[in-house]
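Visitor: Dropping the structure in here first, questions after.
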């Protein structure tokens, strides 16, 4: 092959850096806010970009798309679905967001991110076509997410996939993936409150947005939802019109003596798995495939669900390919456990109230299953960040039952400088902005801990911080940034803010993770808490770290802990 490795990487990085410039074309979320009052404007703009790139909306019909939306679990549902259908010998395309380590993860063929060569090839094809068809009266380039969506369609068509599993970016009705006009089947995972400034501030408004992907005559499935949003989904299905079905519990698919094994941990993954089973079977039946599982009699009690406003989808005996697909599914950054010597990493990109609740249930059970140190010395650390318009105080309050000894906050940058790390560049936010948010997270955590002092016996006694009279000036090259105003100094100060993920991991691991060997940072311990915590972390027999609050944070942590993900 004429591509040499260094040359291939340089071409790929040129493509990624050019792609990143589209972040400043217009902040995607702000763009959605401006256009949300006119969904037709959104879709027409996207159609225009698609046509300028050389495709028509009708071309997308060839992709045999499974379109999936939801608040939590839509990515996992897509991962289950793609893995099941790949087991039938089908060539699969999979478009998802966000990426964790490399942008190529968003566009997958047969479960694997497209190669550097293919990424560069199709990026420049699409980009150059859009450059050549500039119109002075309109935006010359689509924003970041829209561009990647168009590029994904090009990849899937050119690579001749048998089907494409497409995850909605935000919402549904106004999402740029909603130019898809004839999917084979649609799915809606669990609904909750998220992106309220874009989708609305009630779960009913959010349900209306999600139901916007329904298409006339195209079957749609959803998991059990609260009564009012489920009613909204039913109304959206009537408007379309399309048949909408409610998935029964996973128990309905299991034999009495044989529970289905899932490749993704956590009780909440069961509803994602049952949605994936229904989506897979519906797709296979629509395409005339055999071996899609025999229908079963409804399980006891399931008939009660049938009285809800949405009819219950029939359960069936999953085929061997389906059973194996559920078991083999992998989805990085979701309920993932990495055992690295004395340090165990519990990684989950939960970032909504409902998903953090599920994360807490998973973490407490997973940590309970870990082998206890002989001497009983265990330190629990929370590594957290949250972005956007999320209620951070509510998310942090849900994490209190996990009983962390330390809470660590940092921006979603692996290093203080993003130079040389184009996959994780974000031109829509500055380091200063993100650090300010982290300091706000820390303040909220400290207040929650203050409220808990004296209520729970596990809490350490109040720690007096000596010699700190106000703001410690940020020094990104030297270590943690602590904001402890004298007037607001918390009773319990076991929390720290670092300028980047690398510095946070360096302090947490104290050289005890064989997979993370960071260079020593001079002057790392600028604060008494950092020094005290270092002693405990060095001496503890086991360190349990929960990383959550943001998929971007999770991606940065994985990049540093598993170098192979960057290859």
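Including glycine, each Cβ sits where the backbone N, Cα and C put it.
These came from TrEMBL, pasted as-is:
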type    : residues     : note
BINDING : 97, 167, 195 : Mg(2+) binding site
BINDING : 334, 348     : ATP binding site
Visitor: Far apart in sequence but close in space: which same-chain residues, 6 or more away, have a Cβ under 8 Å from residue 334 (ATP binding site)?
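Guide: Counting only residues 6 or more apart in sequence, the Cβ neighbours of residue 334 (ATP binding site) under 8 Å are 75, 76, 264, 348, 349.
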Visitor: In sequence order, which residues at least six apart in the same chain have a CB under 8 Å from the CB of residue 167 (Mg(2+) binding site)?
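Guide: 68, 69, 74, 75, 78, 95, 96, 97, 177 - these are the non-local Cβ neighbours of residue 167 (Mg(2+) binding site), listed in sequence order.
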Visitor: What's the most sparsely packed of the binding-site residues 97, 348, counting other C-beta atoms within 10 A?
Guide: 97
